[in-house]
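Let me begin by presenting the structure, written as C-alpha coordinates, before commenting on it.
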Amino acid sequence: MMRCLAARVHYKTLIVICALLSLLTVLLWNKCTSEKALRFLPRHPQPPPSPKIDSHPQQPQPPEPPPVVGGVRYEEIDCLINDDATIKGRREGSEVYMPFSWMEKYFEVYGKVVQYDGYDRFEFSHSYSKVYAQREQYHPNGVFMSFEGYNVEVRDRVKCISGVEGVPLSTQWGPQGYFYAIQIAQYGLSHYSKNLTERPPHVEVYDTAEERDSRSSAWTVPKGCSLTRVYDKTRATSVRQFSAPENSEGVSLPLGNTKDFIISFDLKFTSNGSVSVILETTEKGPPFVIHYVTTTQLILLKDRDITYGIGPRTTWTTVTRDLLTDLRKGIGLSNTKAVKATKTMPRRVVKLVVHGTGTIDNITISTTSHMAAFYAASDWLVRNQDERGGWPIMVTRKLGEGFRALEPGWYSAMAQGQAMSTLVRAYLMTKDDTYLKAALRATGPFKLPSEQHGVKAVFMNKYDWYEEYPTIPSSFVLNGFIYSLIGLFDLAQTAGEKLGRDAGQLYSKGMESLKVMLPLYDTGSGTIYDLRHFILGTAPNLARWDYHTTHINQLQLLGTIDNSPIFRDSVKRWKSYLKGGRAKHN
(Lines of atoms letter the chains of each structure in order from A and count residues from 1; the text may use other names and numbers.)
(Lines give C-alpha, C1' and ligand atoms only; values in the text may rest on other atoms or scores of the structure.)
Protein backbone atom coordinates (compact mmCIF):
# COMPACT_ATOMS: atom_id res chain seq x y z
CA MET A 1 0.00 0.00 0.00
CA MET A 2 2.95 2.39 0.86
CA ARG A 3 4.53 1.72 -2.42
CA CYS A 4 1.24 2.62 -4.07
CA LEU A 5 1.10 5.94 -2.10
CA ALA A 6 4.68 6.83 -2.98
CA ALA A 7 4.02 6.10 -6.55
CA ARG A 8 1.01 8.34 -6.57
CA VAL A 9 2.92 11.31 -5.01
CA HIS A 10 4.58 13.25 -7.78
CA TYR A 11 8.25 13.94 -7.35
CA LYS A 12 7.65 17.70 -7.79
CA THR A 13 5.45 17.72 -4.74
CA LEU A 14 8.31 16.27 -2.69
CA ILE A 15 10.58 19.10 -3.79
CA VAL A 16 8.05 21.76 -2.66
CA ILE A 17 7.61 20.08 0.75
CA CYS A 18 11.39 19.97 1.29
CA ALA A 19 11.72 23.66 0.39
CA LEU A 20 9.01 24.65 2.86
CA LEU A 21 10.66 22.65 5.66
CA SER A 22 14.02 24.34 4.94
CA LEU A 23 12.47 27.85 5.01
CA LEU A 24 10.72 27.12 8.30
CA THR A 25 13.99 25.94 9.84
CA VAL A 26 15.83 29.19 8.81
CA LEU A 27 13.09 31.45 10.20
CA LEU A 28 13.10 29.67 13.55
CA TRP A 29 16.90 29.93 13.76
CA ASN A 30 16.94 33.75 13.08
CA LYS A 31 14.27 34.39 15.70
CA CYS A 32 16.27 32.64 18.40
CA THR A 33 19.47 34.51 17.49
CA SER A 34 17.75 37.97 17.59
CA GLU A 35 16.26 37.41 21.03
CA LYS A 36 19.64 36.32 22.37
CA ALA A 37 21.34 39.44 20.99
CA LEU A 38 18.70 41.81 22.39
CA ARG A 39 19.44 40.60 25.91
CA PHE A 40 22.95 42.08 25.58
CA LEU A 41 22.00 45.50 24.10
CA PRO A 42 21.99 48.56 26.52
CA ARG A 43 18.52 49.47 27.58
CA HIS A 44 17.36 53.11 27.51
CA PRO A 45 15.42 54.29 30.55
CA GLN A 46 11.71 54.21 30.13
CA PRO A 47 10.02 57.60 29.91
CA PRO A 48 8.27 58.59 33.13
CA PRO A 49 4.53 58.04 33.17
CA SER A 50 2.36 61.01 32.36
CA PRO A 51 1.25 62.84 35.48
CA LYS A 52 -2.26 62.07 36.62
CA ILE A 53 -4.59 63.99 38.82
CA ASP A 54 -4.61 61.27 41.44
CA SER A 55 -0.86 60.62 41.44
CA HIS A 56 0.96 60.81 44.77
CA PRO A 57 2.87 64.09 45.58
CA GLN A 58 6.59 63.92 44.78
CA GLN A 59 9.13 63.76 47.58
CA PRO A 60 11.54 66.78 47.86
CA GLN A 61 14.76 66.28 45.87
CA PRO A 62 18.14 66.35 47.65
CA PRO A 63 20.27 69.52 47.00
CA GLU A 64 22.54 69.50 43.98
CA PRO A 65 26.20 68.86 44.74
CA PRO A 66 28.61 71.85 44.47
CA PRO A 67 29.70 72.71 40.92
CA VAL A 68 32.95 71.27 39.71
CA VAL A 69 35.52 73.44 37.92
CA GLY A 70 38.76 71.88 36.78
CA GLY A 71 38.10 68.86 38.96
CA VAL A 72 37.77 70.99 42.14
CA ARG A 73 34.44 71.44 43.90
CA TYR A 74 33.55 74.95 45.04
CA GLU A 75 30.61 76.60 46.72
CA GLU A 76 29.48 80.16 47.30
CA ILE A 77 30.09 81.60 50.76
CA ASP A 78 29.20 84.87 52.48
CA CYS A 79 32.21 86.98 53.51
CA LEU A 80 31.65 89.44 56.34
CA ILE A 81 33.95 92.45 55.95
CA ASN A 82 34.95 94.20 59.20
CA ASP A 83 31.46 93.60 60.64
CA ASP A 84 30.24 96.25 58.18
CA ALA A 85 29.31 94.61 54.89
CA THR A 86 28.85 91.19 53.31
CA ILE A 87 30.06 90.12 49.90
CA LYS A 88 29.90 86.82 48.05
CA GLY A 89 33.05 84.72 47.94
CA ARG A 90 33.93 81.18 46.91
CA ARG A 91 35.17 78.27 48.99
CA GLU A 92 37.21 75.42 47.59
CA GLY A 93 38.03 72.99 50.34
CA SER A 94 39.81 74.94 53.07
CA GLU A 95 40.53 77.93 50.79
CA VAL A 96 38.26 80.99 50.53
CA TYR A 97 38.47 83.26 47.49
CA MET A 98 37.17 86.82 47.30
CA PRO A 99 36.37 88.69 44.07
CA PHE A 100 39.21 90.81 42.71
CA SER A 101 36.78 93.61 41.87
CA TRP A 102 36.38 94.03 45.62
CA MET A 103 40.06 93.48 46.45
CA GLU A 104 41.40 96.09 44.03
CA LYS A 105 39.33 98.82 45.66
CA TYR A 106 39.84 97.67 49.23
CA PHE A 107 43.61 97.20 49.00
CA GLU A 108 44.27 99.63 46.10
CA VAL A 109 45.98 96.97 44.02
CA TYR A 110 45.96 96.33 40.29
CA GLY A 111 45.41 93.39 37.98
CA LYS A 112 44.10 92.31 34.60
CA VAL A 113 43.62 89.23 32.45
CA VAL A 114 46.04 89.06 29.54
CA GLN A 115 46.50 86.48 26.83
CA TYR A 116 49.79 84.86 25.87
CA ASP A 117 50.13 82.25 23.14
CA GLY A 118 46.42 81.51 23.21
CA TYR A 119 45.92 81.11 26.95
CA ASP A 120 44.75 83.55 29.60
CA ARG A 121 46.81 84.68 32.56
CA PHE A 122 45.91 87.02 35.41
CA GLU A 123 48.64 89.54 36.18
CA PHE A 124 48.62 91.15 39.62
CA SER A 125 50.68 94.13 40.77
CA HIS A 126 50.86 96.02 44.03
CA SER A 127 51.60 99.34 42.28
CA TYR A 128 51.23 100.86 38.83
CA SER A 129 54.43 102.89 38.45
CA LYS A 130 57.95 101.81 37.50
CA VAL A 131 61.38 102.86 38.72
CA TYR A 132 63.97 103.80 36.12
CA ALA A 133 67.46 102.41 36.49
CA GLN A 134 70.09 105.10 37.03
CA ARG A 135 72.45 104.53 34.07
CA GLU A 136 75.55 106.30 35.34
CA GLN A 137 76.75 109.10 37.56
CA TYR A 138 74.69 112.23 37.06
CA HIS A 139 76.25 115.18 35.20
CA PRO A 140 74.77 118.62 34.40
CA ASN A 141 75.24 118.01 30.67
CA GLY A 142 73.71 114.53 30.66
CA VAL A 143 70.26 112.98 30.62
CA PHE A 144 68.01 114.60 33.22
CA MET A 145 66.84 111.83 35.56
CA SER A 146 64.39 109.69 33.53
CA PHE A 147 63.00 112.54 31.43
CA GLU A 148 63.73 110.79 28.14
CA GLY A 149 60.49 108.94 28.90
CA TYR A 150 58.46 112.12 29.40
CA ASN A 151 56.08 113.37 26.68
CA VAL A 152 54.99 116.73 28.02
CA GLU A 153 53.12 117.87 24.91
CA VAL A 154 50.70 114.92 24.93
CA ARG A 155 49.47 115.62 28.47
CA ASP A 156 45.77 116.41 28.54
CA ARG A 157 46.51 119.43 30.78
CA VAL A 158 48.60 120.97 27.99
CA LYS A 159 46.24 123.02 25.85
CA CYS A 160 48.67 123.26 22.94
CA ILE A 161 52.18 124.26 21.95
CA SER A 162 52.03 128.01 21.48
CA GLY A 163 52.76 129.10 17.91
CA VAL A 164 54.23 132.40 19.10
CA GLU A 165 56.39 131.06 21.96
CA GLY A 166 56.98 127.46 20.87
CA VAL A 167 56.35 126.09 24.39
CA PRO A 168 53.40 124.33 26.11
CA LEU A 169 50.47 126.28 27.51
CA SER A 170 49.10 124.68 30.69
CA THR A 171 45.51 124.35 31.88
CA GLN A 172 46.15 122.42 35.10
CA TRP A 173 44.72 125.13 37.37
CA GLY A 174 42.73 127.17 34.85
CA PRO A 175 41.04 126.37 31.52
CA GLN A 176 42.08 129.74 30.09
CA GLY A 177 45.67 128.52 29.80
CA TYR A 178 48.87 130.01 31.21
CA PHE A 179 52.62 129.60 30.85
CA TYR A 180 53.95 127.44 33.68
CA ALA A 181 57.73 127.45 34.09
CA ILE A 182 57.78 123.89 35.49
CA GLN A 183 55.94 122.50 32.47
CA ILE A 184 58.11 124.50 30.08
CA ALA A 185 61.37 123.40 31.72
CA GLN A 186 60.21 119.77 31.68
CA TYR A 187 59.35 120.16 27.99
CA GLY A 188 62.90 121.32 27.32
CA LEU A 189 64.60 118.75 29.55
CA SER A 190 62.60 115.86 28.09
CA HIS A 191 63.57 116.75 24.51
CA TYR A 192 67.19 117.33 25.54
CA SER A 193 67.27 113.88 27.14
CA LYS A 194 65.59 112.24 24.14
CA ASN A 195 68.21 113.81 21.89
CA LEU A 196 70.91 112.01 23.89
CA THR A 197 69.19 108.63 24.03
CA GLU A 198 67.49 108.29 20.62
CA ARG A 199 69.03 107.66 17.23
CA PRO A 200 69.47 110.70 14.94
CA PRO A 201 66.28 111.62 13.09
CA HIS A 202 65.59 111.02 9.43
CA VAL A 203 65.39 114.41 7.70
CA GLU A 204 63.97 114.92 4.23
CA VAL A 205 64.67 118.25 2.51
CA TYR A 206 61.88 119.37 0.18
CA ASP A 207 63.18 122.75 -0.89
CA THR A 208 66.25 124.91 -0.33
CA ALA A 209 66.89 127.78 -2.72
CA GLU A 210 70.61 127.86 -1.92
CA GLU A 211 71.33 124.72 -3.94
CA ARG A 212 72.40 125.65 -7.45
CA ASP A 213 70.51 122.74 -8.99
CA SER A 214 67.40 123.43 -6.92
CA ARG A 215 64.51 124.37 -9.19
CA SER A 216 61.17 125.88 -8.38
CA SER A 217 59.39 123.62 -10.87
CA ALA A 218 57.95 121.54 -8.01
CA TRP A 219 56.04 124.59 -6.77
CA THR A 220 52.60 125.42 -8.13
CA VAL A 221 52.16 129.15 -8.81
CA PRO A 222 48.57 130.09 -9.77
CA LYS A 223 47.68 133.13 -11.85
CA GLY A 224 48.07 136.32 -9.86
CA CYS A 225 50.78 134.81 -7.62
CA SER A 226 54.57 134.82 -7.93
CA LEU A 227 57.59 132.86 -6.73
CA THR A 228 61.19 133.85 -7.43
CA ARG A 229 64.67 132.90 -6.26
CA VAL A 230 66.44 135.89 -4.71
CA TYR A 231 69.60 136.55 -2.72
CA ASP A 232 69.09 137.60 0.91
CA LYS A 233 71.93 139.75 2.26
CA THR A 234 71.11 139.21 5.94
CA ARG A 235 71.39 135.45 5.53
CA ALA A 236 74.02 135.56 2.79
CA THR A 237 72.09 132.90 0.92
CA SER A 238 69.41 132.49 -1.72
CA VAL A 239 65.77 132.16 -0.66
CA ARG A 240 62.29 131.81 -2.19
CA GLN A 241 60.38 135.07 -2.41
CA PHE A 242 56.62 134.62 -2.73
CA SER A 243 53.55 136.74 -3.21
CA ALA A 244 50.06 135.26 -3.02
CA PRO A 245 46.89 137.27 -2.27
CA GLU A 246 44.75 135.95 0.56
CA ASN A 247 41.86 135.27 -1.82
CA SER A 248 44.03 133.17 -4.15
CA GLU A 249 44.76 129.46 -4.03
CA GLY A 250 48.22 130.31 -2.76
CA VAL A 251 51.65 129.15 -3.85
CA SER A 252 52.03 125.48 -2.96
CA LEU A 253 54.71 122.81 -2.68
CA PRO A 254 53.78 119.09 -2.79
CA LEU A 255 55.25 117.05 0.07
CA GLY A 256 53.66 113.59 0.17
CA ASN A 257 55.41 112.34 3.33
CA THR A 258 53.66 109.41 5.00
CA LYS A 259 56.22 108.53 7.70
CA ASP A 260 57.38 111.67 9.50
CA PHE A 261 55.42 114.64 10.80
CA ILE A 262 57.84 117.26 12.17
CA ILE A 263 57.83 120.13 9.67
CA SER A 264 60.34 122.96 9.71
CA PHE A 265 60.99 126.02 7.55
CA ASP A 266 62.77 129.38 7.72
CA LEU A 267 60.32 132.23 7.29
CA LYS A 268 60.11 136.01 7.00
CA PHE A 269 56.92 137.92 6.20
CA THR A 270 56.69 141.47 4.86
CA SER A 271 52.89 141.47 5.17
CA ASN A 272 50.19 139.54 6.93
CA GLY A 273 50.17 135.99 5.72
CA SER A 274 50.02 132.30 6.50
CA VAL A 275 51.65 128.96 5.92
CA SER A 276 49.13 126.11 5.67
CA VAL A 277 49.77 122.37 5.75
CA ILE A 278 47.22 119.96 4.27
CA LEU A 279 47.00 116.63 6.10
CA GLU A 280 45.28 113.40 5.15
CA THR A 281 44.28 111.60 8.33
CA THR A 282 42.75 108.36 9.55
CA GLU A 283 39.40 110.14 9.76
CA LYS A 284 37.08 109.75 6.79
CA GLY A 285 36.20 112.83 4.78
CA PRO A 286 38.17 115.79 3.45
CA PRO A 287 41.69 116.47 4.76
CA PHE A 288 42.47 118.66 7.75
CA VAL A 289 44.29 121.94 7.15
CA ILE A 290 46.57 123.44 9.81
CA HIS A 291 47.09 127.18 9.29
CA TYR A 292 50.03 129.03 10.85
CA VAL A 293 49.03 132.68 10.61
CA THR A 294 50.72 136.01 11.42
CA THR A 295 48.48 136.79 14.40
CA THR A 296 48.64 136.14 18.14
CA GLN A 297 45.57 133.87 18.06
CA LEU A 298 46.41 130.93 20.34
CA ILE A 299 44.42 128.13 18.70
CA LEU A 300 41.14 127.91 16.80
CA LEU A 301 39.13 125.02 15.40
CA LYS A 302 36.48 125.45 12.70
CA ASP A 303 35.26 122.38 10.87
CA ARG A 304 38.50 120.84 9.53
CA ASP A 305 40.57 123.99 9.75
CA ILE A 306 42.92 124.35 12.73
CA THR A 307 44.60 127.73 13.21
CA TYR A 308 47.67 128.63 15.28
CA GLY A 309 48.94 132.19 15.56
CA ILE A 310 52.72 132.42 15.10
CA GLY A 311 53.13 136.19 15.49
CA PRO A 312 54.22 138.73 12.84
CA ARG A 313 57.48 136.95 11.86
CA THR A 314 58.88 140.09 10.22
CA THR A 315 62.46 138.91 10.80
CA TRP A 316 63.99 135.59 9.83
CA THR A 317 62.95 132.81 12.21
CA THR A 318 62.75 129.05 12.03
CA VAL A 319 59.29 127.57 12.54
CA THR A 320 59.28 123.96 13.74
CA ARG A 321 55.95 122.26 14.38
CA ASP A 322 54.89 118.76 15.35
CA LEU A 323 51.96 118.18 13.01
CA LEU A 324 50.69 115.23 15.04
CA THR A 325 50.52 117.32 18.23
CA ASP A 326 49.03 120.33 16.44
CA LEU A 327 46.39 118.13 14.79
CA ARG A 328 45.30 116.34 17.96
CA LYS A 329 45.31 119.45 20.16
CA GLY A 330 43.16 121.18 17.55
CA ILE A 331 40.64 118.34 17.22
CA GLY A 332 40.50 117.94 21.02
CA LEU A 333 40.12 121.65 21.75
CA SER A 334 37.71 122.29 24.64
CA ASN A 335 36.78 124.96 27.17
CA THR A 336 37.68 122.71 30.10
CA LYS A 337 41.00 122.01 31.82
CA ALA A 338 41.60 118.87 29.75
CA VAL A 339 42.01 118.41 26.01
CA LYS A 340 39.51 115.90 24.65
CA ALA A 341 41.04 112.58 23.63
CA THR A 342 41.06 111.67 19.95
CA LYS A 343 42.29 108.68 17.98
CA THR A 344 42.74 110.64 14.76
CA MET A 345 46.24 110.29 13.30
CA PRO A 346 47.91 111.91 10.29
CA ARG A 347 48.48 109.61 7.33
CA ARG A 348 50.13 111.88 4.77
CA VAL A 349 51.47 115.40 4.62
CA VAL A 350 49.98 116.40 1.28
CA LYS A 351 51.39 119.87 0.61
CA LEU A 352 52.41 123.26 1.98
CA VAL A 353 50.63 126.45 0.87
CA VAL A 354 51.78 130.06 1.48
CA HIS A 355 49.71 133.26 1.36
CA GLY A 356 50.84 136.86 1.74
CA THR A 357 54.21 138.36 0.85
CA GLY A 358 57.50 137.12 2.22
CA THR A 359 60.40 134.72 1.86
CA ILE A 360 60.80 131.06 2.79
CA ASP A 361 63.65 128.57 2.78
CA ASN A 362 64.84 125.17 4.03
CA ILE A 363 61.55 123.28 4.06
CA THR A 364 62.09 119.91 5.74
CA ILE A 365 60.14 117.09 7.35
CA SER A 366 61.86 114.95 9.98
CA THR A 367 61.23 112.16 12.44
CA THR A 368 62.04 114.36 15.44
CA SER A 369 63.48 117.79 16.19
CA HIS A 370 64.33 117.55 19.87
CA MET A 371 66.87 120.35 20.04
CA ALA A 372 64.46 122.85 18.48
CA ALA A 373 62.02 122.13 21.33
CA PHE A 374 64.84 122.34 23.89
CA TYR A 375 66.00 125.75 22.68
CA ALA A 376 62.42 127.02 22.48
CA ALA A 377 62.08 126.26 26.20
CA SER A 378 65.51 127.70 27.05
CA ASP A 379 64.85 130.93 25.13
CA TRP A 380 61.41 131.33 26.73
CA LEU A 381 63.06 131.12 30.17
CA VAL A 382 65.55 133.85 29.22
CA ARG A 383 62.85 136.15 27.81
CA ASN A 384 60.41 135.72 30.68
CA GLN A 385 62.64 135.92 33.76
CA ASP A 386 61.69 138.90 35.94
CA GLU A 387 63.90 141.37 37.79
CA ARG A 388 63.95 139.17 40.91
CA GLY A 389 65.37 136.27 38.94
CA GLY A 390 62.15 134.28 39.04
CA TRP A 391 59.47 133.01 36.71
CA PRO A 392 56.20 134.16 38.32
CA ILE A 393 53.26 131.78 37.96
CA MET A 394 50.24 133.83 36.95
CA VAL A 395 47.43 131.66 38.28
CA THR A 396 45.92 131.11 41.72
CA ARG A 397 47.00 127.90 43.44
CA LYS A 398 45.07 126.40 46.35
CA LEU A 399 47.11 123.60 47.88
CA GLY A 400 44.48 122.54 50.38
CA GLU A 401 42.40 123.46 53.39
CA GLY A 402 44.51 125.17 56.04
CA PHE A 403 46.93 126.77 53.56
CA ARG A 404 46.58 130.34 52.36
CA ALA A 405 45.96 130.43 48.60
CA LEU A 406 48.90 131.47 46.43
CA GLU A 407 47.85 134.50 44.42
CA PRO A 408 49.07 135.03 40.83
CA GLY A 409 52.73 136.00 40.70
CA TRP A 410 54.09 133.39 43.13
CA TYR A 411 57.43 131.65 42.62
CA SER A 412 58.18 127.94 42.90
CA ALA A 413 61.52 126.48 43.99
CA MET A 414 60.83 123.52 41.70
CA ALA A 415 60.33 125.88 38.74
CA GLN A 416 63.51 127.77 39.65
CA GLY A 417 65.49 124.53 39.94
CA GLN A 418 64.28 122.91 36.74
CA ALA A 419 64.79 126.19 34.89
CA MET A 420 68.39 126.20 36.14
CA SER A 421 68.87 122.63 34.89
CA THR A 422 67.53 123.67 31.47
CA LEU A 423 69.55 126.88 31.18
CA VAL A 424 72.78 125.22 32.30
CA ARG A 425 72.44 122.64 29.52
CA ALA A 426 71.73 125.37 26.97
CA TYR A 427 74.89 127.17 28.11
CA LEU A 428 76.98 124.01 27.93
CA MET A 429 75.70 123.34 24.40
CA THR A 430 76.20 126.87 23.06
CA LYS A 431 78.67 128.57 25.43
CA ASP A 432 76.30 131.55 25.27
CA ASP A 433 76.65 133.47 28.56
CA THR A 434 73.03 134.63 28.27
CA TYR A 435 71.84 131.25 29.50
CA LEU A 436 74.33 131.04 32.38
CA LYS A 437 73.57 134.56 33.59
CA ALA A 438 69.84 133.77 33.68
CA ALA A 439 70.55 130.60 35.67
CA LEU A 440 72.68 132.56 38.17
CA ARG A 441 69.94 135.17 38.67
CA ALA A 442 67.50 132.35 39.42
CA THR A 443 69.02 131.86 42.89
CA GLY A 444 67.38 135.11 44.06
CA PRO A 445 64.05 133.71 45.36
CA PHE A 446 65.92 131.00 47.34
CA LYS A 447 67.29 133.68 49.67
CA LEU A 448 63.92 135.13 50.66
CA PRO A 449 61.26 133.54 52.90
CA SER A 450 57.83 132.78 51.54
CA GLU A 451 56.37 135.76 53.43
CA GLN A 452 58.67 138.06 51.43
CA HIS A 453 57.82 136.66 48.00
CA GLY A 454 60.57 134.05 48.11
CA VAL A 455 60.61 130.25 48.32
CA LYS A 456 62.54 129.63 51.52
CA ALA A 457 61.04 127.90 54.58
CA VAL A 458 62.71 126.75 57.78
CA PHE A 459 61.70 123.50 59.50
CA MET A 460 61.75 123.49 63.30
CA ASN A 461 63.63 126.82 63.20
CA LYS A 462 66.73 124.99 62.00
CA TYR A 463 66.59 123.32 58.58
CA ASP A 464 66.36 125.35 55.36
CA TRP A 465 63.82 124.11 52.81
CA TYR A 466 62.94 125.38 49.34
CA GLU A 467 59.22 125.31 48.68
CA GLU A 468 57.57 124.06 45.50
CA TYR A 469 54.50 125.87 46.82
CA PRO A 470 55.58 128.73 49.15
CA THR A 471 52.41 128.52 51.21
CA ILE A 472 51.67 130.03 54.59
CA PRO A 473 52.07 127.96 56.67
CA SER A 474 54.84 126.00 54.94
CA SER A 475 53.97 122.73 53.22
CA PHE A 476 57.39 121.07 52.66
CA VAL A 477 56.64 119.19 49.43
CA LEU A 478 59.37 116.58 48.96
CA ASN A 479 59.69 116.07 45.19
CA GLY A 480 59.71 119.80 44.38
CA PHE A 481 62.41 120.41 46.98
CA ILE A 482 64.67 117.71 45.51
CA TYR A 483 64.21 119.09 41.98
CA SER A 484 65.36 122.48 43.29
CA LEU A 485 68.46 120.85 44.79
CA ILE A 486 69.31 119.19 41.46
CA GLY A 487 69.07 122.58 39.75
CA LEU A 488 71.32 124.21 42.34
CA PHE A 489 73.83 121.37 41.91
CA ASP A 490 73.80 121.79 38.11
CA LEU A 491 74.44 125.52 38.45
CA ALA A 492 77.16 125.23 41.10
CA GLN A 493 79.01 122.60 39.08
CA THR A 494 78.77 124.57 35.84
CA ALA A 495 79.42 128.12 37.07
CA GLY A 496 82.51 127.23 39.06
CA GLU A 497 83.63 128.12 42.57
CA LYS A 498 83.41 131.90 42.19
CA LEU A 499 80.26 132.46 40.14
CA GLY A 500 78.55 129.42 41.59
CA ARG A 501 79.25 130.16 45.26
CA ASP A 502 75.67 131.14 46.14
CA ALA A 503 74.24 128.11 44.37
CA GLY A 504 76.75 125.85 46.11
CA GLN A 505 75.90 127.17 49.57
CA LEU A 506 72.15 126.86 48.95
CA TYR A 507 72.68 123.31 47.72
CA SER A 508 74.75 122.31 50.76
CA LYS A 509 72.21 123.67 53.24
CA GLY A 510 69.38 121.96 51.39
CA MET A 511 71.15 118.60 51.32
CA GLU A 512 71.80 118.84 55.06
CA SER A 513 68.07 119.36 55.63
CA LEU A 514 67.10 116.53 53.30
CA LYS A 515 69.29 113.97 55.06
CA VAL A 516 67.76 114.88 58.42
CA MET A 517 64.13 115.17 57.29
CA LEU A 518 63.89 112.32 54.77
CA PRO A 519 62.67 109.73 57.35
CA LEU A 520 59.63 111.96 58.01
CA TYR A 521 58.33 111.05 54.54
CA ASP A 522 58.49 107.25 55.06
CA THR A 523 55.22 105.57 56.11
CA GLY A 524 56.62 102.03 56.27
CA SER A 525 54.60 101.04 53.21
CA GLY A 526 54.95 104.09 50.96
CA THR A 527 55.96 107.74 51.06
CA ILE A 528 54.30 111.06 51.89
CA TYR A 529 53.91 113.97 49.47
CA ASP A 530 54.30 116.80 52.00
CA LEU A 531 54.27 117.45 55.75
CA ARG A 532 50.80 118.92 56.17
CA HIS A 533 50.00 116.28 58.80
CA PHE A 534 52.82 117.69 60.91
CA ILE A 535 52.23 121.38 60.15
CA LEU A 536 48.41 121.42 60.23
CA GLY A 537 47.72 118.34 62.34
CA THR A 538 45.58 116.82 59.56
CA ALA A 539 45.66 113.38 57.95
CA PRO A 540 48.90 112.68 56.03
CA ASN A 541 48.90 113.39 52.30
CA LEU A 542 50.09 110.02 50.96
CA ALA A 543 52.09 110.08 47.74
CA ARG A 544 50.50 108.32 44.75
CA TRP A 545 52.63 105.55 43.28
CA ASP A 546 53.85 107.79 40.45
CA TYR A 547 55.06 110.33 43.02
CA HIS A 548 56.55 107.51 45.10
CA THR A 549 58.62 106.33 42.13
CA THR A 550 59.60 109.96 41.46
CA HIS A 551 60.97 110.09 45.02
CA ILE A 552 62.96 106.91 44.34
CA ASN A 553 64.29 108.18 40.99
CA GLN A 554 65.37 111.43 42.63
CA LEU A 555 67.20 109.65 45.45
CA GLN A 556 68.90 107.35 42.94
CA LEU A 557 70.21 110.43 41.15
CA LEU A 558 71.40 112.07 44.38
CA GLY A 559 73.08 108.82 45.36
CA THR A 560 75.45 109.16 42.38
CA ILE A 561 76.71 112.56 43.59
CA ASP A 562 76.50 112.00 47.37
CA ASN A 563 77.26 108.59 48.87
CA SER A 564 75.36 109.14 52.13
CA PRO A 565 73.89 105.80 53.28
CA ILE A 566 70.45 107.33 53.84
CA PHE A 567 69.92 107.65 50.09
CA ARG A 568 70.98 104.07 49.35
CA ASP A 569 69.00 102.60 52.25
CA SER A 570 65.87 104.63 51.49
CA VAL A 571 65.92 103.62 47.83
CA LYS A 572 66.17 99.93 48.74
CA ARG A 573 63.32 100.12 51.25
CA TRP A 574 61.08 102.31 49.10
CA LYS A 575 61.51 100.01 46.12
CA SER A 576 60.27 97.11 48.26
CA TYR A 577 57.04 99.02 48.97
CA LEU A 578 56.20 98.84 45.26
CA LYS A 579 55.84 95.05 45.61
CA GLY A 580 53.97 95.02 48.89
CA GLY A 581 56.93 95.25 51.24
CA ARG A 582 56.34 96.78 54.65
CA ALA A 583 58.50 97.91 57.52
CA LYS A 584 58.63 95.53 60.48
CA HIS A 585 56.07 95.96 63.24
CA ASN A 586 56.75 95.84 66.99
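Including glycine, each Cβ sits where the backbone N, Cα and C put it.
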Matching residue for the Ca(2+) site, where Swiss-Prot names T208, E210, T237 - out of D117, D120, D326, D361: D361
Cβ packing number for H548 (substrate binding site), 10 Å threshold: 25
Three-state secondary structure, which DSSP defines for R157 (substrate binding site): coil
Under 8 Å by Cβ from R157 (substrate binding site), counting only residues of that chain that are 6 or more apart: S170, T171, Q172, K337, A338, V339
Candidates Y150, Y483, Y529, W545, Y547: member of the recorded positions with the richest Cβ shell (10 Å): Y483
Neighbourhood of R568 (substrate binding site) by C-beta distance under 8 A, where only residues 6 or more apart in the same chain count: G559
